[in-house]
Amino acid sequence: MAQLWLSCFLLPALVVSVAANVAPKFLANMTSVILPEDLPVGAQAFWLVAEDQDNDPLTYGMSGPNAYFFAVTPKTGEVKLASALDYETLYTFKVTISVSDPYIQVQREMLVIVEDRNDNAPVFQNTAFSTSINETLPVGSVVFSVLAVDKDMGSAGMVVYSIEKVIPSTGDSEHLFRILANGSIVLNGSLSYNNKSAFYQLELKACDLGGMYHNTFTIQCSLPVFLSISVVDQPDLDPQFVREFYSASVAEDAAKGTSVLTVEAVDGDKGINDPVIYSISYSTRPGWFDIGADGVIRVNGSLDREQLLEADEEVQLQVTATETHLNIYGQEAKVSIWVTVRVMDVNDHKPEFYNCSLPACTFTPEEAQVNFTGYVDEHASPRIPIDDLTMVVYDPDKGSNGTFLLSLGGPDAEAFSVSPERAVGSASVQVLVRVSALVDYERQTAMAVQVVATDSVSQNFSVAMVTIHLRDINDHRPTFPQSLYVLTVPEHSATGSVVTDSIHATDPDTGAWGQITYSLLPGNGADLFQVDPVSGTVTVRNGELLDRESQAVYYLTLQATDGGNLSSSTTLQIHLLDINDNAPVVSGSYNIFVQEEEGNVSVTIQAHDNDEPGTNNSRLLFNLLPGPYSHNFSLDPDTGLLRNLGPLDREAIDPALEGRIVLTVLVSDCGEPVLGTKVNVTITVEDINDNLPIFNQSSYNFTVKEEDPGVLVGVVKAWDADQTEANNRISFSLSGSGANYFMIRGLVLGAGWAEGYLRLPPDVSLDYETQPVFNLTVSAENPDPQGGETIVDVCVNVKDVNDNPPTLDVASLRGIRVAENGSQHGQVAVVVASDVDTSAQLEIQLVNILCTKAGVDVGSLCWGWFSVAANGSVYINQSKAIDYEACDLVTLVVRACDLATDPGFQAYSNNGSLLITIEDVNDNAPYFLPENKTFVIIPELVLPNREVASVRARDDDSGNNGVILFSILRVDFISKDGATIPFQGVFSIFTSSEADVFAGSIQPVTSLDSTLQGTYQVTVQARDRPSLGPFLEATTTLNLFTVDQSYRSRLQFSTPKEEVGANRQAINAALTQATRTTVYIVDIQDIDSAARARPHSYLDAYFVFPNGSALTLDELSVMIRNDQDSLTQLLQLGLVVLGSQESQESDLSKQLISVIIGLGVALLLVLVIMTMAFVCVRKSYNRKLQAMKAAKEARKTAAGVMPSAPAIPGTNMYNTERANPMLNLPNKDLGLEYLSPSNDLDSVSVNSLDDNSVDVDKNSQEIKEHRPPHTPPEPDPEPLSVVLLGRQAGASGQLEGPSYTNAGLDTTDL
């Protein structure tokens, strides 16, 4: 009874509790989500967020056909990407998201929008590119068009084409083609099959305009493709001769048809090679030659070399080669070439005589002659040719055939000779005088000879007659009776005075040869006298010029000349008579040089009078005229001897006279009238070096700056008293320590003064740091070796300037090492510099920073990491920014600067480099590389230790810090119903590396269960292996989709398995085309002959899509039937049945067996139910009787016991709410009344909400409370037993042990 009341209170409370629970709900924005398609698998996609007013724990989930893209963490709602997204395949889809508390589940449909990313490179369509174009294709024409497709959208899907390379790679072909934005390739220059190239290969590339990919602006480019362009030759070129020049020779007596030479021409268009026809379009000798179709030039008529002498014995042929077909312009394609044929000589002519002069001879018959005339003077000298003889011998043959000999014959042949005696071709013939005595006009006036010309080979000859006429000559001269005539005449006689008129010459010749003409031959005095040409009288021509003192005797030659210009002469000796007409003449000039102090003057004045010697006209007297210095000298009046009276001093003479003393001497004769002459005697007193130079100062001090080459240091000045430049010229010289650093150059000022300019050479400068003071000695001396010298001290002080650049200390530039990622701070190095200048102000400057990674310049990445202070301290600026993976070597290029350096000098040192090596620390965790793959497992085909999936990872650290080791953390199998089953030891992973990428190969350890349907989720960990410090790791989850045996499809063929195996590739291709899946063929076997009716063999295969789903047999059948081409091909290959006939028969038998078994089970259940119903009805009736008896007995209970209402089945507690009078036992109790005497559940009702029963009997409750723990509850006693037991307890005061009953019959539950 207590259980009944407890149930009555608990059941309404439970209903109220359930009714009061509020369902959770998603947030308002949980309707759609936008995800980029390049989101990595395993990355967080979004969160499912819901709220529950009851604050119950929430569980999140996702379902629907596309739910496989995501993995939901049920407790947190985190959604990670489980399968890669692809905008181009599925840009939007829906999933059903759910959230539930312990009582209610709420679902909502969510729209997933995939955002496009630039993950696809352009792909060229129909990549087998080749074309042919004519070489005459106009520039700008479209050669070919290509198309590249980019599946991406927007700018990432817009394609730009480019030509990367043109083969052959020449200067002409580089820009021969260009590609337009639409993919059209346009000809950009002219083509030539023959002159350029007959084939081009273009390397093409297509790139998109770029877009975001993995959060980086990325430009995707296609793989290069190649376009082959063949240039088709066109007939646009003329033929070409294979040689640039043709020549040959042929004898002039060659017979007709003789082959001379062969010409050859080919079509200029090598790709066409049109046949060529030859012809002679022009010939300098038409008809002599012709040409055949084979290009052979032959003799076509008689040849005569002598007709070609003006043409250099050659015949010029213009040979034309014409192509058989017209060119592209409708014109004949032809080319011409000149062929030279030289005609060789044959000896077929004899020499002939011609009256002409070379080279004007034409050798025509009109010029041919055999009689010639000439003239010559009598007694002409030997080898004198005959005048007016124009004889030419000509033999038109060549070489030895044209060689001939000349000789003389006839009556006068001994007096003459012929020239030349031998000649080739042609020659001018001369007849020369051989014996002069035989050529005499007085003996004969004309002579005759024969000239014979004989061919040297054939001995054929010709003869010509030459008549020679002699000319008379003047062979007598005029003669004088005497060879010498002596004559006299006074000097200065009047013009026209006769000297003589008695001298005459005679000539025995008569006529013109005997007429005499007189003349004075040019010579001494011929201009003073003259002769009458007819009479021979000699007279004075110019008496003023007759001067005995100039010339006392004249010798003249008088010549007599006849009419033939023959002459003779005689000598005239004419003496002049003297008169006193000449003053004395002093001989020469008197310039006397004498050294001062030591030299003496002793000179005789030489004078003469041209008048006749030994007379007063020629006697002389000497007199010294007064002058400034004449008192120092004496002169003898008769002899003219001049002497000095004492020593002479140069310095006593006026310097303006430069040492010269001029004396005047008068020389006179004793004639009438007296004549005199003055002469100057110049006495030069030569200066001697008897004075030393003197400096104007006793010492000199100069100051000069260092590093100033060529500068003037100072000027010294000296004077020499000597008057001549030779003696007072001063030269300066330097000596002393460091004198080689200076140079001194003297300058003459005049009057013995000179300056010495002390300066530095142009290429020498002083260095204060080396030597600050120079003590020099300057010498002033005369060039005279006998002269002395004077010295003076010169002190040169070097003024220091800041002229030296600083230098960097090499030791301070030794490389240092700095760890990345903030491992070090502050100062890391000090750059030290020095300067020898005393006023130096140094600072260290940073010139450049070089950032390199593995020797490659990475730009300005590291510029802010370090700084250099003016004192040379090197500091770390951005310790956190130092990244070994970006830059492993920083080179600080520094220099030292002297701020006090004087202008014009180098203020900077040479650049130095401080190498800072960045040391790697393990600061980068491994990261997985995206894999756009779907891994599918067909357990039936997978073998142990074979790769089924792979991962790739990279670590940006280096060395051991970048070595990655893969491991499998967890393997879960998610079945199709959503259940997750953990697996351990199913897969293993093996690590390998290539370059800096590590790969993990996932392999099954054992064979996989082919009956499992679902997905393996493999969690892979990648962790590095640092030398020091903790390791870093990354994880990713792979989905391995399984294809179980339920997707195994069987195709039956009418051919044996051997033929099916042979056609395996064709069958696979047809199935792939029909299904668009990957076909995995499992087995090919023959069908048992006893079981098969028609098919002979079967093929088992799986058909798997890239996303891991597979085709069932029904889906396969539909897809094959929808593709008629593939179906036709499969039928041709022997396909007869989709699915196994045996399996269908076995399935039918199995269905029949299942139906029979089902009917048997149903019949058995009906019998059991009927039996049970019968037993229970009877039991119920007996129980009611027992209950009635128990009620009666209960009324007889002892005093003090409260009587209770009768418990009648179907009444009282069996009539309470939700009581079941027939099924009043717990659902776990199937016992019947007679199995348990203590079962009294008829006295309580069963709560339909739980399995707990409520005891109404107090004693029964006490019994339960005293039961030992962990003892299974005893079956509830029947009401009657309870009553009887209670009664017995009340009577005896104790309970008896329960008797054994069959619990299976203690209930009416069915």
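Glycine is treated like the rest: Cβ placed from N, Cα and C.
Source: prediction; values computed, not measured.
Feature list (source: Swiss-Prot):
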type	residues	note
DOMAIN	27-124	domain 'Cadherin 1'
DOMAIN	125-241	domain 'Cadherin 2'
CARBOHYD	N182	N-linked glycosylation site
CARBOHYD	N188	N-linked glycosylation site
DOMAIN	242-353	domain 'Cadherin 3'
CARBOHYD	N300	N-linked glycosylation site
CARBOHYD	N355	N-linked glycosylation site
DOMAIN	368-480	domain 'Cadherin 4'
CARBOHYD	N371	N-linked glycosylation site
CARBOHYD	N401	N-linked glycosylation site
DOMAIN	481-586	domain 'Cadherin 5'
DOMAIN	586-695	domain 'Cadherin 6'
CARBOHYD	N600	N-linked glycosylation site
CARBOHYD	N616	N-linked glycosylation site
DOMAIN	696-808	domain 'Cadherin 7'
CARBOHYD	N696	N-linked glycosylation site
DOMAIN	810-928	domain 'Cadherin 8'
CARBOHYD	N877	N-linked glycosylation site
DOMAIN	930-1058	domain 'Cadherin 9'
CARBOHYD	N932	N-linked glycosylation site
CARBOHYD	N1107	N-linked glycosylation site
TRANSMEM	1155-1175	transmembrane segment
TOPO_DOM	1176-1310	topological domain 'Cytoplasmic'
MOD_RES	S1248	phosphoserine
REGION	1259-1310	region 'Disordered'
COMPBIAS	1259-1268	compositional bias 'Basic and acidic residues'
MOD_RES	S1299	phosphoserine
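Around the Cβ of N616 (N-linked glycosylation site), a 10 Å sphere holds 13 further Cβ atoms from the protein chains shown.
Other Cβ atoms within 10 Å of the Cβ of N300 (N-linked glycosylation site) number 18 in total over all chains.
Averaged over the topological domain 'Cytoplasmic' (1176-1310), the predicted model reaches a pLDDT of 46. Take the Cα of N932 (N-linked glycosylation site) and measure to each of the glycosylation sites N182, N300, N401, N600: the nearest one is N182. Comparing CA positions across the glycosylation sites N355, N371, N401, the one lying closest to N182 (N-linked glycosylation site) turns out to be N401.
On a Cα basis, N616 (N-linked glycosylation site) lies 127 Å away from N877 (N-linked glycosylation site). Cα proximity to N371 (N-linked glycosylation site) (within 10 Å) is found for the following glycosylation sites from N188, N355, N401, N600, N696, N1107: N355. The glycosylation sites listed here are N188, N877; among them, N188 has the most other Cβ atoms within 10 Å of its own Cβ. Taking each Cβ in turn and tallying the other Cβ atoms within 10 Å, the top scorer among the glycosylation sites N182, N371, N401, N932, N1107 is N401. Of all the glycosylation sites in the list N401, N616, N696, N1107, the shortest Cα-Cα distance to N188 (N-linked glycosylation site) is found for N1107. In this structure, N371 (N-linked glycosylation site) is part of a beta strand by DSSP.
Ranked by CA distance from N355 (N-linked glycosylation site), the glycosylation sites N300, N401, N600, N696, N1107 have N401 at the top as the closest. Non-local contacts of N696 (N-linked glycosylation site) by the CB criterion (under 8 A, 6+ apart in sequence, same chain) comprise K717, A718, W719.
Each residue contributes its Cα atom, and for N600 (N-linked glycosylation site) and N616 (N-linked glycosylation site) those atoms are 34 Å apart.
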